[in-house]
Amino acid sequence: MGEVKTPRQWFLWSIALVYVCAFASIYVQIPGLYGDEGILPVRLQMPKVQRPLLEQESLLGLGPFLGLAPQQVLELTCLVGVALALCAVLLEPLRDSLIYFLLRLLYLSLYNVNCEWFQCSHRDVLLLEAGLLAVLVAPLGLLRRRSSYRYHDPVSFWLTRWLFFRLTFSTGVSKLASGDPAWYDLSALSHHLENQMNPTPLAWYGHQLPDWLLRFGAVVVLQSEIIVPLVTFFAPIRRLRLFGFYVQLFLQLYYILTGNCSLLNLLSITLSFSLLDEEHFNSNTGPKKKKGQEKKPGSCGQMVSYLMLLVELAVYLFILYCFITLFKLQINWEEKTLSSKTSETHLQAWWRRQYKREFFPIVNLDDPTLEKLLEKAGLKEKFPAQTGSDTPVSQAVSLIRDHVKGLSGSLLLSTLLATLAGIFLIKAVFSWFLGGRKPRPASADHKTRKPKEPSETAEKSQAAAPSNRGGKKDSNEKKDSDKSPRKRK
């Protein structure tokens, strides 16, 4: 495994950017989910956290010490998380193991508040696991005031590749293991574009594509998530790893353009940087080989490169073979159709209906049955709404909430990302401007006009001293001339 300095920085930068989006997204949803008038008010969980602070699963226990209401504790957690993540995105020295430990601690606190209801998706679990790897991958330089190279950096960064392999391979296998006939007759992509929960405007145009192209796309998705990770992610040939990286990159970009599950796809792209190495980033800017350094025909290095090329072609042919044989594809060029004879191995009933009773009868607000159900679920108003005290922290949190109250989640995220893009653009312009105004080295004419220093004349006199045997004769003649009577006068 080659050097991983640049891919590691890209991974840490991307994880920080994902944290920005995650904390900002939760911050916008707190009033509707956990607020006093939300779906599941967080104040109902306060009796469960009456334990020592170090034994609690979240940071709600800090509310009484800071003079904050439970809702304000969650808002402060999100605000601190956004601030730390923004600093890590903008400043490379702050991409430190300590910063990523704090980010994961804050997100874990939000996850434990109501992981049974709202934050139980694969996205949250994946972000927590990737955040833990970021703690191991990031250098620990804030406390030591320097970031030195560590010998275990490639090993810790390899763990991100293993996580990416588990994510991709399990996603592809679960599609076939579910027994859904849509994946076996290759109509899943058409159903997905039509029935997904959060489609984008491009999803409608994708659904209008020809049926044979959508079926071919389903084959590409399955191959990209099952076969490609197996043969490319851990291959010793770097071009195969690059092939796997670009396949996954285009697949995740397709998901982002056709669906609104972009945070999970951004995490997948972040983990895919583990397939790259330092040579890939320096291939265009690195030094080129001279003519004398080129491999001669018949050399051992050239034979090894030919062998690696043959292995690479064999892997590509194997992927193509799996395309055709695994799904038993049949292409009709006249009718321009693509069909598959593959079907699930066994038939099963998806559900069976049996009438037992009415699920929920018509009730009113004073119905004792409804009151019992609300009391059993913990949704009955037992605890009055708690308000924070007039501490500076509470006032600052309330002031920020008042300013952000009218903004939607998409607008807030777009504003944050546009601000980051503007800052990076300004930094790039300043670096280009300052780099173009560097003082030029002095010309040869100016150098000759400078007065010679005594040290330079001494060095030149020593360099001009003859080193051959004839030099002794010249030195003797100089001594004789010094002893002449004219010289004495």
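Cβ from N, Cα, C; glycine included.
Just so you know, TrEMBL annotations are computer predictions that nobody has curated.
Look at TrEMBL and you will find 443-459 (among others) tagged as compositional bias 'Basic and acidic residues'.
The annotation compositional bias 'Basic and acidic residues' is assigned in TrEMBL to 471-489 (among others).
What TrEMBL records for 123-282 is domain 'Lipase maturation factor 1/2 N-terminal'.
Per TrEMBL, the feature region 'Disordered' maps to 439-489.
Summarising the annotation, TrEMBL assigns transmembrane segment to 12-30 (among others).
Among residues of the same chain six or more beyond the transmembrane segment (73-91), those with a C-beta under 8 A of the stretch's C-beta atoms are 12-13, 16-17, 19-20, 22-24, 26-27, 30, 34, 42, 59-60, 62-63, 66, 99-100, 102-103, 106-107, 109-110, 113, 393, 397, 400-401, 416, 420, 423. Taken from TrEMBL, the feature transmembrane segment covers 73-91 (among others).
The transmembrane segment feature in TrEMBL is assigned to 98-119 (among others).
Long-range contacts of the transmembrane segment (125-143) within the same chain, counting only residues at least 6 positions beyond its ends with a Cβ under 8 Å from a Cβ of the stretch, are 8, 11-12, 15, 18-19, 22, 93-101, 103-104, 107-108, 111, 150, 153, 156-157, 159-160, 163, 167, 263-264, 267, 270-271. Annotation comment: TrEMBL describes 125-143 (among others) as transmembrane segment.
Annotated transmembrane segment per TrEMBL: 212-237 (among others), in sequence order.
Annotated transmembrane segment per TrEMBL: 249-276 (among others), in sequence order.
Residues or ranges marked as transmembrane segment in TrEMBL: 306-327 (among others).
The annotation transmembrane segment is assigned in TrEMBL to 411-434 (among others). Residues 17, 20-21, 24-25, 27-28, 82, 86, 89-90, 404 of the same chain, all 6+ positions outside the transmembrane segment (411-434), place their C-beta atoms under 8 angstroms from a C-beta of that stretch.
When Cβ-Cβ distances below 8 Å are used as the criterion, the transmembrane segment (12-30) is approached by residues 38, 71, 74-75, 78-79, 81-82, 84-86, 88-89, 95, 100, 103, 106-107, 110, 119, 127, 130-131, 134, 137-138, 263, 266-267, 269-270, 273, 404, 407-409, 412-413, 416, 420 of the same chain, each at least six residues removed from its ends.
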